[in-house]
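Features reported for this protein in TrEMBL:
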SIGNAL    1-18  signal peptide
DOMAIN    36-124  domain 'Ig-like'
DOMAIN    138-219  domain 'Ig-like'
DOMAIN    239-327  domain 'Ig-like'
DOMAIN    332-419  domain 'Ig-like'
DOMAIN    430-512  domain 'Ig-like'
DOMAIN    517-603  domain 'Ig-like'
DOMAIN    610-705  domain 'Fibronectin type-III'
REGION    692-715  region 'Disordered'
DOMAIN    706-794  domain 'Fibronectin type-III'
DOMAIN    799-903  domain 'Fibronectin type-III'
DOMAIN    907-1003  domain 'Fibronectin type-III'
TRANSMEM  1015-1036  transmembrane segment
REGION    1044-1123  region 'Disordered'
Amino acid sequence: MCVCVFVCLCVCAISVHSLIPVTPSLSPPPTVKQPPTIIKQSVKDYIVDPRDNIIIECEAKGNPVPTFSWRRNGKFFNIGKDPRVTMRKRSGTLEIGFRSGGRPEDYEGEYQCFATNEFGVALSNKILLQVSKAPLWPKEVLEPVVVPEGSPLILACNPPPGLPPPLTFWMNSAMIPIPQDKRVSMGLNGDLYFSNVLAKDSHTDYSCNARFPFTHTIQQKNPFILKVQSSRKVAETTPTFLSPPGTESSKMVLRDEELLLECIAAGLPTPTIKWFKKGGDLPAQKVKFEKFNKTLKIINVSEEDAGEYVCMANNQLGSVRHSIFVQVKAAPYWLDKPTNLVLAPDENGRLVCRANGNPKPNIQWLINGQPLDSALPNPSRQVLGDTIIFRSVQMGSGAVYQCNASNQHGYLLANALVSVLDMPPRMLGPKNQLIRVIENNRTFLDCPFFGSPLPVLRWFKNGQGSGLDGGQYRVYINGTLEIRRARAEDEGTYTCVANNILGKADNQVRLEVKEATRIVRAPEHQTVIRGTTARFDCKVTSDPSLSVTVTWLKDDKPLHMGWRLKKNEDTLTIPNVNEGDEGTYTCTAKSDIDEDSSSARLTVLDRPDPPTDLDLSDPAERSVRLTWIPGNDHRSPVTQFLVQFEEDRWEPGRWQNLSSYPGDLNSVILQLSPYVNYQFRVIAINSVGLSEPSRPSPRYQTSGAGEEHDDVGWGSKKDNMEITWERNGPNLYYNVWWRRKDAGEEWSNVTTVESKYVVQNTETYVPYEIKIQSWNDHGPGPMSNVVIGFSGEDEPTDAPTDLRVSKVDSTKGNVHWKSVDMNSIMGEFKEYRLYYWRESSLVPGLAVNQEKKTKGFYTTAAEPSAILSDLVPFSQYKMFMVAANSRFESPRSNTVAFTTKEGVPDAPKFFRINRRSFDTIHLEWDKPLEPNGILIGYQLKYRTVNGSRAGRPQLETFFPNVTEFTLRLPDRSTRYRFYLSALTQVGAGEVFAEESPHFANEAYIDQVDIATQGWFIGLMCAIALIILILLIVCFIKRSRGGKYPGKGNPEDNKPLQGSQTSLDGNVKESDDSLVDYGEGGDGQFNEDGSFIGQYTVKKDKDETEGNESSEATSPVNAIYSLA
């Protein structure tokens, strides 16, 4: 039986991220007698600096403490006989000093350390010691190199062989690196390759430099003098390979190393290099193209990377291929490394040593540093190839076994201790430990132990019941008890007991379960304007028995409060924010056993910096191109550039607005007036405000336009130039002159009666001077001004290279590339045109529009960069770039894929109050069209509104699958203002605001049974009461007979016959009803005491017409009308 011993450290504080116990090495505790173990040694290939002392390390542990000896080149190394060599105390480390003389080179060789005690011998690796070398460059006289323009060239470096090999690079006499590009580059061997030489390559100081890393010295080769013989017409050539030559070559590489394949081609135009693997694809995750696609690099090579790799060089004249056959070999590597073995008497066990490699490694066993074949026979030991089997071992048969796996590419050496022990159980951890853990966390209670034979370990809680195992408990073989989810009821005393045939041992652990420390109101991302105040919340809850400390970090460094920043219990306040305050602020609440943290980003917006480096180009009579470099936008993108001008004739010193342009432009053509001496400046504008004006440009003087002719010269094909002009009279013919600008040529001319002439067989896009003179029967007209025209453009030959992206956030990223040679544009350079498209969304199941978009950048920098904005967060993008002239685009650059970070979501797709009853409001919404990340929920803020007054805000949060909410109203007249936003991990998105409508105007109230409503029952009772009162009044009136004093016929005194007795006794005739009478006048009583104030004289017409409604609503009139 194989006995395993596990030794681990006890866990004092367990967090949510507690690790599952890992099986430790099979070693007895240090107090047990045991053979040596090597714990530290120098590397196998050990290169030392000759200026320093030599230190060869060898450290080992064992009981008893081991002694050390060394072998050098396979023979015993007698340290005592060499005064320069000493060995450190209680160590095998050698120190070789040279203060008293001697050469480090005399000590080169192969060293091996032996650690020995009475139980065995352990071996170190064989350490090959070599002294670093930095030889001088051999003296040589270099003749000038003379080559015709367009020819290929190799400038050889041939650095001196150093140890380790030197790093090579090419520089000129001013110590400036030689520019390298698609045409000129350094090979893997250090030589400088020219695919074709140009006249501009003529220099006298091409120098190869070798840097030796150990001595930190740079040695320089004598410089080459390169003379290029220029010619009027350079012949184009098809591609040929400079390195490697021929059509086939081979390469061997070791497993896990780096594979470098190189193809450098000659030709004119400069060839482009493409790579592919025959019969398969290039490993996209491991492959990288360097040096303008001339070098293919594969990292961590494996066996499947073997095969035929093909590089193809092509230009417009043809192509050529080269095959490189790659073999992958392997030094030995472990499949099953032998480990220490502890056995009790009469037990069985085995040591296994399995390794692989190419070729297959040879396995050799040793015991205490000696070949096992030459050791004394042991009946309890049997060797079966890569395995040693032990049967019924006995005390005293322990030893150190070595396994050596080797092939022609290297070796592996492993020491394995075999210990035969007879020992009762022993607890190795501290006694009666207190462990405090966080509620609901996965928790581990450790109980490290040792014994031989291997003890059986059981756990008990509070000294009661059977052993703990199963359910939420799990006991690991190393003694650790796992509690899958600690709860308050899990508190108590846990006892671990280890038993074997020789005895038992126990230990106790006290467990306390605490509430977690949590940030319940976390800081939120903020974007503020410079000079305002920013506030971050951090409200914390924790277990009452734990002491909690709240600290703030800025960009992962402790935040210094100083005099300006203010921190209280729940808030960090940053007044008068400036640019230095921008960053990520992290609130950390920490107790003795756990912590919680939350971060938020503070973005400070400011006015942009002014543009710089104003430059004027492409001058014309009434226009000029103005180019500038945008300043820092301070996190608020520039939306507009304002170009202003000042002239020195009419209003000198006064700056006036000329024109404004979109914020993504930095080069524009200005349309100007004639005969004005201009200077310009540019102002950048963002959401915060205007920048300071830039420094003025140089002055530019416009001239008048030609009075007789408006000449234009432009090529319609790559080998012609069309000259056109406006006809300015009848019966005219024209003399047209042209010549190449700045070429010293004579004028060519032609006479034509047309208003157009085409010059044929021109070179591509070269400038011409053009002038025109008109003639008629009366003689010549005035000669036009000389204007500049250009022959036709062709397709650009070079693609932008090394396109990459950096600093990608949720909506923008920095784009970098290497520019093309302007000579390859084959026309007027317009822009670098970036094509980009949204490949997919990282939100599962979200379909996207993959339409390509473009963005142009005008720049002439060697390694330009620009900002690509308006991206959709949490998306996979792809892009490539071309260089464009007025008519054509270059070949594509490399295609780059990149991913935008998660952002805040868009507003919900809709948000409406779907139904309102008398006491509830029902809200419905739908998820955003662009979630910009993984939705984690919704946030609904609302408050009551009463005119201009707003109530206290309230907050509700919902899971991402919840899209409705019913709010119960405290009062039917209560109105609310709602603010709904979706949430991602980044924060809350765009807010969708809605206000609950007035109840009276509600068009979608649920239908209810009106007869069951309380207000309706109350209204009916009120009406019934009024009717009852009316009946009583009517009854009283009739019971009193209706007699009133007055003169005349008694019949005339009846009040309800269309007339009534006036207060002065006169009778007034009327056809009106009672509603025509007012309730004004003094109330009077009759002789019998009845009130007759309601029978007042009818109001004048002027009064009643102005207030008819007041009569209708008089309660007295209403009662008598009803009666």
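Glycine is no exception: its Cβ is also placed from the backbone N, Cα and C atoms.
Note that TrEMBL annotation is computational and uncurated.
The stretches the domain 'Ig-like' (239-327) and the domain 'Ig-like' (138-219) are in mutual contact, each linked to the other by at least three Cβ pairs under 8 Å (pairs 6 or more apart in sequence).
For the domain 'Ig-like' (138-219), the neighbouring stretch richest in Cβ pairs under 8 Å, chosen from 332-419, 430-512, 517-603, 799-903, is 799-903.
According to DSSP, the domain 'Fibronectin type-III' (799-903) comprises 4 helix, 47 strand, 54 coil. DSSP assignment over the domain 'Ig-like' (332-419) gives 3 helix, 52 strand, 33 coil. Mapped onto DSSP classes, the domain 'Ig-like' (517-603) shows 3 helix, 46 strand, 38 coil. Per-residue pLDDT, averaged along the domain 'Ig-like' (138-219), amounts to 90 for this model.
Helix, strand and coil counts under DSSP for the domain 'Fibronectin type-III' (610-705) come to 0 helix, 45 strand, 51 coil.
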